[in-house]
Amino acid sequence: MHPIIFFSKMDFSQSNLFGYIEDLQELTIIERPVRRSLKTPEEIERLTVDEELNDIERAVYLLSSGQDIQGTSVVANLPVLMRQNPAETLRRVLPKIREVLHVAGVEMQLTAAVSFLTILQEESVSIHTYSHSFLHIILQNLEHRDAGVSNAWLETLLAVLEALPKETIRHEILNPLVSKAQLSQTLQSRLVSCKIMGKLANKFEAHIIKREILPLVKSLCQDVEYEVRTCMCRQLEHIAQGIGAELTKTVVLPELVELARDEGSSVRLAAFETLVNLLEMFDADDRSQTVLPLVKSFCEKSFKADESILVSLSFHLGKLCNGLYGIFTPEQHLRFLEFYKKLCTLGLQQENGHNDNQLQLQTLEQEKKYISVRKNCAYNFPAMIVFVDPKNFHLELYSTFFCLCHDPEVPVRYTMAMGFYEVAKLLNSGVYTIHKELVTLLQDESLEVLDALVGHLPEILELMTNGGENSGSESKLLSIPDLIPALTTAEQRAATSLKWRTHEKLLQKYACLPHIISSDQIYYRFLHRMLTIILTNNVLPVQKAAARTLCVYLRYNRKQEQRHEVIQKLIEQLGQGKSYWNRLRFLDTCEFIMELFSKSFFCKYFFLPVLELTHDPVANVRMKLCYLLPKVKSTLKIPTDKLLLQQLELCIRKLLCQEKDKDVLTIVKRTVLELDRMEISVDGFQKRFYENDLLDQEKERQELLLLEMEQLEKEKQQNEGRSTNISDKMFEKKRRDSKTSSALAKNVPLSFPGSSSSTSTGKEGKKSKLVRSQSFSTQALHPKYSNIDKCPKSATTGYTSAVSGMGKSSVLSFSDDSFRTRSTGNNGNTAFPSSSSLATSSRNSANSADQKNNGNKDSQSRKMSIKNRKSNS
């Protein structure tokens, strides 16, 4: 067989031919460095080191006759040598490093700066030894011709200054600094002097700084190079903190005023930022007479002659307005507020008299600058609310808030989402005014905005639904219909994106919803969605987040039928699901159940379905179950759960005897040893398990209270329906008896002694019980959302359905007080004692007896009234 060549597809034109040749040449160029990098035998010989040399001798040898890369390796290993043998390292290795650094390259210089700093931080030697051995090397390389190397040594020196004693600083650094800061020195030397003086300001007393440092500061502030003036201006903040308020007023402030009028834009910018940072050190007179006029001039020039300061001005405007708040006149207050509003819309409309053609010619740099300005305005929005007072928010700042939340640029909306919680806290009772913006940000097209908002979503929703102390209930009810669709839309958008971390974070935060909206709304809009995510999503962290949130929803669910349905679906679709992945997620869900609910709840509904997975055909499921068995055993109590314990031991014996997978069998043996060491708690309190038992008892009590609340609510609804029927019948009776004489009406007995009082007391008792249960629900169901993970440990929901069978034939039965006791039948399936049912039956029989007695009394009253009527007639 010969290869088939398609000549029609080949182009032998001159241009293509030269293209092929150029490609071949590029390939040869790529190969050449590979060949050159191969070492010759002579080079390999030079790189070889005698293995009998110790670490110190090898380091000296490599620094003396080795190549650059070997010397750099020795310098990088210097901290290790200092830890192992500091005396020999200082005596033999460090002098060699000092010699090599004179001619070393950039890489070795940077490595040496880092190594010297590491030795200082690790305190391998005393500070006296360090200053004697290392400080001179640092100072020698401080003015390296490479700016990166010089900055690296400067960072090391500034860190060393924190630890050096004053006398060493004075002799070794401060005295040479006077000559280094002179105009005759290099630019790099003067820049280094500026940064060193900023660090020295906190090391000496004020009089020493005034005598020795301040003259140098004034000289460098008037340097001919704008880089030096800028650098010195940024150090004035540190110098002011070192000399105090008096010297700052007389020395630093005049220099700042002069630098603020400098011809260099970078100098003016540094002066403005330093002025804002030192605002707290100036008194009211300095602020009103010096600082305020400067700030006003900056604001006026920022739109016209000096746009370079615009970004910095927008960033510091909130701090500036609140710092000068006490000296503003009403006119100045309004002027700065309008200036802020103008910055919030910069670039979105015509500014400075530009026409449409000029706006179209805006450069990309200008657009970036305007976006940065609006982003800074969004960052300062909470500070501006404080500036105008939250009471005036709707009148003064709501329109600006609306514009920033609807800004076309994502960074601006992202910043608004980050600060939304701060805005909501400041507004307090007026938080309902920004409800629409919350919905807008929840439905934002950018997931970055949603991710920023989700961080404090539970706190925001709490403020939205509670609305502060002074808001009425109407605002709470009106906010919910808009919030629920927005929350569901946000979750669906996160689910369809590739950013699973945002989806996971959102599902975790949605665990707060039981404290925000009703149980029915959660059941119909969110709970089934969580189950769908567990069954269909492919990302494990998202599935676990959905499982935990579903358990929280289950815990706070208020209806018996809904709880029964959810538990049944968890067992059938997850625990008995066809996919082994679903069965693994069932075990994760059971782990959350054990964390959030009482031990009796888990044993009642999930204990046997979990043990059923010991017969699972997939080894990974059995392996995960083995890891979970110690937690499962910890939910048992003796003697109540004695039969369940026997069932657990039987399953473990089967695993030991029948398990064929080696990995699973290893874990089973390890788990058996752990289970043998465990102690099972008893029904009563023990000192060893006192805290856990107390917590579990509290969970169980709250579960029972939730059951009582449900029963009382049903009775309340029935009583309300009965009262409406009675009122209708009474109205008809009055209409029929309206023609009866008043004399006959007087002889009709209105009530019997004892009957009305008993019914009223019964109603009052039920009413007080309902109030007590409702007060419990408000306390237990409204914890702080920052502790949402801890809340479930102190409060759990009660359920009344019970799993009485295993496998596909599992049956769920109900009893109102089934949380109190439980036992197991001989067949191994869960069966519940008749004590609670007897209690309920006796309670029902008593109620029926009362009804009969009441019925007899009513019939007697009717007979008496008829006899009276006959006698009167």
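Placed from the backbone N, Cα and C atoms, the Cβ positions cover glycine too.
Pulled from TrEMBL, these are the features on record:
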type	residues	note
COMPBIAS	729-739	compositional bias 'Basic and acidic residues'
COMPBIAS	771-780	compositional bias 'Polar residues'
COMPBIAS	794-803	compositional bias 'Polar residues'
COMPBIAS	810-833	compositional bias 'Polar residues'
COMPBIAS	834-849	compositional bias 'Low complexity'
COMPBIAS	864-873	compositional bias 'Basic residues'
REGION	714-873	region 'Disordered'
REPEAT	213-250	repeat 'HEAT'
REPEAT	252-290	repeat 'HEAT'
Please report, as numbers and ranges, the same-chain residues at least 6 past the borders of the repeat 'HEAT' (213-250) whose CB is under 8 Å from any CB of it. 174, 177-178, 181, 183, 187, 190-191, 193-195, 197-202, 204, 206, 256, 258-259, 262-264, 266-267, 270-271, 273-274, 277-278, 281-283, 286
With DSSP as the reference, give the number of residues of the repeat 'HEAT' (252-290) in helix, strand and coil. 32 helix, 0 strand, 7 coil
The mean pLDDT across the repeat 'HEAT' (213-250) is 91
Helix, strand and coil residue totals from DSSP for the repeat 'HEAT' (213-250) stand at 33 helix, 0 strand, 5 coil
